[in-house]
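Annotated features, as they stand in TrEMBL:
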type     : residues                                                   : note
DOMAIN   : 11-309                                                     : domain 'Amidohydrolase-related'
BINDING  : His13, His15, Lys99, Asp247                                : Zn(2+) 1 binding site
BINDING  : His15, Leu16, Arg17, Asn41, His136, Leu219, His251, Ala263 : substrate binding site
BINDING  : Lys99, His136, His174                                      : Zn(2+) 2 binding site
MOD_RES  : Lys99                                                      : N6-carboxylysine
ACT_SITE : Asp247                                                     : active site
Amino acid sequence: MDAITLTRPDDWHLHLRDDEALSAVVGHTAAQMGRAIIMPNLKPPITTTAQALAYRQRILAALPEGSSFEPLMTLYLTDTTPPEEIERAAESGVVKAVKLYPAGATTNSASGVTDIAHCDDTIAMLANVGMPLLVHGEVTDHEIDIFDREAVFIEQVMKPLLARHPNLKVVFEHITTQQAAEFVAAAPDNIAATITAHHLLFNRNKMLAGGIRPHYYCLPILKREQHRQALLKAATSGSPKFFLGTDSAPHAQGDKESSCGCAGAYTAPAAIELYAAAFEEMGALDKLEAFASLNGPRFYGLPANADSVTLERRSWSLPAHYPYTAGQHIIPLMAGESLAWKLKA
Ligand SMILES: NC(=O)N[C@@H](CC(=O)O)C(=O)O
Ligand SMILES: [Zn+2]
Ligand SMILES: [Zn+2]
């Protein structure tokens, strides 16, 4: 097979940042994806519908001429988000989901939820209006080993949350463990998960063996091979519960290559090509379209994109870097390395 045509994909988990950084990165996603769920962890975070509407306008203004890319907005849940804000979000038609960051779990999560019990009425309203709660599923207890934080989150937070709100739509974002893949596969249909390309392609050796590679440091952190295999199995299983979410998270080169580097992998420029590599490893390229283009819209109650894209089997190398904010570069995942599939322009 030398070419594959699929319904245009969407990215159900994307960080675009703001201002100059936004302008530097948004074109990479817009060249591939029809839509993307835009993460709200700006500084300060997007916590109101009014802020989300304004952020959406800034994204639209930063798009390349003629782009029909559609940003789908989210709100950042805090301990004090009132249920009325969820009603406003639902009425807006522009806000599609609310994001739960446990306080301190990841980049720009200082205003996140300290105890989910504080949010009970607001989460009940989400269930009521049928809006998904997107979850960064890691505990922030520093006593818990970083490699175990997702598995512990399932027991300590996810299961009690779903027991209290059985009808709540939940996307377990960027799952990285066998435990999460198995939990989602066995859960009712209102529970789904996104999976990144980097967690499908790499285990923690890529980051830590033979030298420390900061561009492979992201949260949740890369796990051991057994978990990567479980994610590949889930993504290619044909189950509609798993869909594409790159978690492409831009940070300037200097902020990654540092004595205390930021978490986040920049995968937007070659997103669909990276997923194609992972699916090909499993001999499952025929399952890519459902994962990348059909399962996500179905879960969110949206139509699939009307147009299509073609991937060609043609070896190419990712550039060493792209321009970022003034005087800074951004290094993509697999910079300088080659990929077997290329999106046809
Ligand atoms: N994934 C990451 O490693 N980083 C994300 C935050 C997140 O998705 O947790 C970021 O905003 O940089
Ligand atoms: Zn996250
Ligand atoms: Zn993210």
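Cβ atoms are placed via backbone N, Cα and C, with glycine included.
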Among Leu16, Leu219, Ala263, all listed as binding-site residues, which has the most CB atoms within 10 Å of its CB?
Leu16
Report the binding-site residues (His13, Leu16, Arg17, Lys99, Asp247) that meet this criterion: Cβ distance to the nearest atom of ligand 1 under 6 Å. Use sequence order and write none if nothing qualifies.
Asp247
Cα-nearest neighbour of Arg17 (substrate binding site) within the listed binding-site residues, Lys99, His174, Asp247:
Asp247
How big is the gap, in Å, between the Cα of His136 (substrate binding site) and that of Lys99 (Zn(2+) 1 binding site), rounded to a whole number?
8
Those binding-site residues, out of His13, His15, Lys99, His174, that come within 10 angstroms of Leu219 (substrate binding site) at the Cα:
His174
For His13 (Zn(2+) 1 binding site), which of these binding-site residues sit within 10 Å, Cα to Cα: Asn41, His174, His251, Ala263?
His174
When you rank Leu16, Asn41, His174, Ala263 by Cα distance to Asp247 (Zn(2+) 1 binding site), which of the binding-site residues ends up on top as the closest?
His174
Between His174 (Zn(2+) 2 binding site) and His251 (substrate binding site), how many Å separate their Cα atoms?
18
For the domain 'Amidohydrolase-related' (11-309), what is the mean per-residue pLDDT, to the nearest integer?
98
Rounded to an integer, what is the Cα-Cα distance in Å between His15 (Zn(2+) 1 binding site) and Ala263 (substrate binding site)?
12
